[in-house]
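S.K.: Handing you this structure, nothing more for now.
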Amino acid sequence: MIVSPFRMPGSLPTVCEAAWPKDVGIIAMEVYLPSQFVEQAELEEFDGVGAGKYTVGLGQARMGFCSDREDINSLCLTVVQQLMERSGLSYQSVGRLEVGTETIIDKSKSTKTVLMQLFEESGNTDVEGVDTTNACYGGTAALFNAINWVESSSWDGRYALVVAGDIAVYATGSARPTGGAGAVAMLVGPNAPLAFERGLRGTHMQHAYDFYKPDMVSEYPVVDGKLSIQCYLGALDRCYSVYRNKIHAQWQREGLDKRCSLEDFGFMVFHSPYCKLVQKSLARLVLNDFLCHPSPNTESGPFSGLEAFRDVKIEDTYFDRDVEKAFMKASSEVFENKTKASLLISNQNGNMYTPSVYGCLASVLAQHTLQQLAGQRIGVFSYGSGFAATLYSIKVTQDATPGSALDKLVSSLCDLQARLDSRKKVSPDVFAQNMKLREETHHLANYIPQGSVDELFPGTWYLTRVDEKHRRQYARRSMNDDRPLEAGLVSSSIAAEHTPSPLKKMSRIPTATAGPEVLISNGDH
C-alpha cells in the first residue's frame, strides 16, 4: 500500500465552516510530454526557409508531437494517473476535477467525464467540474474555478484536481513550427507551497478574431498572426496595469506607500506561443514600468539611455522596432534572472496551448533550489486568443525544509530535463507524415490508429480504436519496459490487450506492477 506524502485537508468541522482556508494553491504538479520530437533546425531545412527562422526568430529548438495514437483524452488520462500514483492519493480524496482544453473531439461529451473512469474502483462519483474552453486560457479558468471552490462555502474539505492539456497542430506553412503537445495536472488545496495571492488578479477580456477554430472537422486554426501579437501584448499591458492598481490598493490598506514594478516579482512566467514572444513580453513590462514611473533615472540603472522613449504612447508601440530593441536590451538582465528558466519546456517541446504557462511554471520549479524559491512572488500571465487574459501572482511558501510540501513539489519535477532528453528524435519527413495522417483521419469513425505503441513512454494511455458510433477506447501501456525510466515511473514489457464488455465495471490500473493493459472507453452514450 502506498502511503501518501500529502495529508488530506479533511472535512470541515462545523465550528470551522466560516473560516477561510489558508494558503490555497498548488500542492502537486505532474507534466506529460509526448515521446517524440522534431528538431527545429532540421525543420527549417526541410521547409526550405532560411537558417535561424525557427530557432532564432521564434526561439524554438525542438517540437514535441503526437501520432494518431494519442488524443486529448489519452493525454489527460496519462497525466492524471501519473499524478495520483506519484502522490499516492486516493481517488476518494478528490472532490472537484476540471479540464481546460481547446482540443475538442466531441461537441457535447467532456474530457472530464472520460477521466471519471479512473475513479470507478474508488466508488467516488461525487466530483464537481467539467471542461472549460477558450483557446489557451481554458487551463487558467479551470484553475481559478478550483481555487474559488476551495475558498467557497461549497468546499467539502477535499482536493481539487485541474488538468490542462492540448495538441497544438497547424497546417503546412509558417505557423506549423509553433506547434507542440502536452498536459499538466495540478492538485489544489489549502496549506499549499504555491499559494495564490487573494485579490491579486488583473484580467482583460475582449472580442477579436486573432486565432479561432471555426472548422469543426479540422484540427487546424485560422490565425491572424499580426493581430494575435497585438492582442497578446495589449492584453499584457492592461492586465499588468489592473494588477498593479490592485496590489497598490492592498499595500495602502496595510500602510505601505510603494509602487509595484518587476522588482516585486522573483520570477515572471508567461503563456508561451514561442519563446521570442515571451522575451519581448518581459521587455514590455519594463516599458510599462518606465512609462509609469514619475521620474525614472535615465542616467544609470535599468532605464539608462531610454530618455528618448519617455513620451511614447503604449498603444502605438506594438510593432515599433526601435522601442522593442531598446527595451529588449534594457531588460536582458531581468530576463536572465526572472524568466529565461521558465522556457525550458517551451523551447524543447513547443506550444502546448492551455498547459503552456504551467509548463513554464514547472520549468522554474525544476531548475531552482528550495532556498532560491522560498518566499518568492511568481507573476503568471495567461493568455487565450479570442481573447481572454489574466496576470496573477503566486507566493511560494517560506518553508524550504527537507520533507516540506515545497520540497516534495520541487523533487517531483527535478527530472524534467531528463524526461525531455529521453524522448526520441524523428526526421522532419516522419513528422510531416504524422501530421498528414492526423489530418486525414481526424474524426473518422470505425478507425484503428496506425501509430506505433512501442514509441510511447511506459504508463502512457493511448487510443486503440474509434468505433462506428465514434466511441473511443483506450489502453494504457504497461509500466515495465527495458527502456530508461520516464517521469519517475517504474519501467515493463507491453502485454496483450483485451477489450471488456462496455457494461462491465472497469478495474483501476495497478500502480506499479506489471500486468495486462486495461482498456477503457469514452462512454457508451
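Each position is counted from 1, following the chain as shown.
Yeah, the Cβs are placed from backbone N, Cα and C, and that goes for glycine too.
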S.K.: Which range, 97-129, 493-525, does TrEMBL list as region 'Disordered'?
M.R.: 493-525
S.K.: Whose Cβ lies within 8 Å of the mean position of the Cβ atoms of SER228, LYS276, LYS280, the CoA site, other than those residues?
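M.R.: Output for this site, in sequence order: ILE229, TYR232, LEU233, PRO273, TYR274, LEU277, VAL278, SER281.
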S.K.: Listing them in sequence order, which of the recorded positions CYS136, SER228, LYS280 have their Cα within 10 Å of that of GLU102 (active site, proton donor/acceptor)?
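M.R.: Those near GLU102 (active site, proton donor/acceptor) - Cα within 10 Å - are CYS136, in sequence order.
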S.K.: Cα-Cα separation of CYS136 (active site, acyl-thioester intermediate) and LYS280 (CoA binding site), in Å?
M.R.: 19
S.K.: Return the maximum Cα to Cα distance in Å (whole number) over the record's CoA-binding residues: SER228, LYS276, LYS280.
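M.R.: Looking at SER228, LYS276, LYS280 as a set, their Cα atoms extend up to 14 Å apart.
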S.K.: Quick one: pull the CA-CA distance for LYS280 (CoA binding site) versus HIS271 (active site, proton donor/acceptor), whole Å only.
M.R.: 12
